[in-house]
Amino acid sequence: MEVNSVLCPNSVSTSSILTRSLAPAPCPRSCLKCQAKLNFFGSTNCSKPNKGVKEAGFVVTLDNKSSILECPDRLFTGEELSGESYNHLIRDCCRVGNIDRAMALLAQLDAMGFHPSFISYACLIEALGSVGRTLEADCLFQEMTWCGFRPRIKLYNVLLRGFLKKGLLGEGIRVLRVMDQKGIQGNRETYEILLDYYVNAGRLEDTWSVIGEMRRKGLRLSSFVYGKVIGLYRDNGMWKKAIDIVEEIRETGMSLDRQIYNSVIDTFGKYGELGEALQVFEIMKQESVRPDITTWNSLILWHCKAGDISKALELFTEMQDQGLYPDPKIFITMISRLGEQGKWDVMKKMFETMDCRGYKKSGVIYAVLVDIYGQYGKFQDAEECISALKSEGLLTSPNIFCVLANAYAQQGLCNQTLKVLQLMEAEGIEPNVVMLNVLINAFGIAGRHLEALSIYQHIKEIGFSPDVVTYSTLMKAFIRAKKFDKVPEIFKEMESAGCTPDRKARQMFKVAMNVLEHSHVTV
């Protein structure tokens, strides 16, 4: 039976373009059908029957309790475990976030020649997709189909979100094609996943196309969609139009929720209208809409960018008073500004305050970041950084790796940025376009524009779709290297790829063209 698979590209080491020290991770499943991950939408050669698969009705005896750690207390030494119990345990492990243990249970089940239930497959795919392990999620999706199960729209959305989050636009489109072939209609979530990606990638035409299709299908635009439209106008320099959207929302009778308020605040902040941003913030609170971490991040970020570190610190303190914990990305911005001004005593006071609030253990990542930026360079080695985090009991995640990589990148420590990516891959976490953009930035800051270009080429070779940040970061790298003649080429390539240049990209293009005109270089 030919399987319409939804496959990632081959498991290629992100850093292999510069170093071959890491081999691709082995397939999580040993069956021949899972080897299909080596092809795009290929068929499998597994000869096992593909219909009528039933849940296992067998029993096994566990030698020790440690084989299923950190799951709900269902097992004791020597207890006989049925197929139904296996399925319950797999689902419980997924529910509590212990995905590795769930996969280990799946391997035991598979070794006996049995398959999990439909619900267990769904739980595994959702759990893997939520942490970016799309290769494994896709393998299970194929296996589920091969077993005769019919995945529902929710699982297609999981794969679509996973692929697009990593920048694999081509694979996301293939998911949509498979859905179309099987007669599965996309729902509101499907369209919102696409919108989220297209707006963040700067793909203006694709965004309007999705919104148009939603309207044709009679899907009422939600606050999420309106928030994305506001962001789209904001990023393309049309901030007044972005604010006009608020009136359109009011005319529809829709109340302004947190999503809309956050988009408006961010729009004002980006264009330096900080007074208006704070005014909207006050209205938001008066309307009993509670600010979330995104609201505070936006206000703190734009005050830092504007050089008003005092107000940023005031907002930072107020945010903690509301019981919200600082975002590492915003923390990087703050300590960067404090470091530039040599205010190490203020940093120390920030940590003392966080300790008093009971954030001591989880605050270790902030301590590491300050050390990275600090005068003494205590954690100039990425491996030492990760070891310090683990020794404090902090679980590594894609977000933490990205934050650390960005911290090194901002200093131009490209070798350490690369090492963070290597360590991430060693942990079994798949790279995405965001991490590769960080690496391009690191090489750009270090003045190594050719390596930055090689990462860009690598992004395309492994099937990722460069976004507006990729192109802007690459343009910045060439401007730093004074290779202004290459900037128009990158700009044209961005437009031909369907990415609409944002304000930052257009400014860099203008700078490069001005330099070229003065030097009489023909583009």
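From the backbone N, Cα and C atoms, a Cβ is placed for every residue, glycine too.
All TrEMBL annotations are machine predictions without curation.
The following features are taken from TrEMBL:
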REPEAT    82-116  repeat 'PPR'
REPEAT    117-151  repeat 'PPR'
REPEAT    152-186  repeat 'PPR'
REPEAT    187-221  repeat 'PPR'
REPEAT    222-256  repeat 'PPR'
REPEAT    257-291  repeat 'PPR'
REPEAT    292-326  repeat 'PPR'
REPEAT    327-361  repeat 'PPR'
REPEAT    397-431  repeat 'PPR'
REPEAT    432-466  repeat 'PPR'
REPEAT    467-501  repeat 'PPR'
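Of the two recorded stretches, the repeat 'PPR' (397-431) lies close to the repeat 'PPR' (327-361), with three or more CB pairs under 8 Å once pairs fewer than 6 apart in sequence are set aside.
Panel annotation: around the repeat 'PPR' (327-361), residues 293, 296-297, 300-301, 304-305, 307, 309, 312-313, 316-317, 320, 367, 369-370, 373-375, 392-394, 399-400, 403, 406-407, 410 of the same chain, lying at least six beyond its termini, place a Cβ under 8 Å from a Cβ of the stretch. As a quick check, the repeat 'PPR' (152-186) and the repeat 'PPR' (432-466) clear the bar of 3 or more Cβ pairs under 8 A, pairs 6 or more apart, so the two touch. Here the repeat 'PPR' (292-326) has long-range neighbours at 258, 261-262, 265-266, 269-270, 272, 274, 277-278, 281, 284, 333-334, 336-338, 341, 343, 346, 350, 353-354, 357, 359, 362, 366, meaning same-chain residues at least 6 beyond its ends whose C-beta is under 8 angstroms from one of its own.
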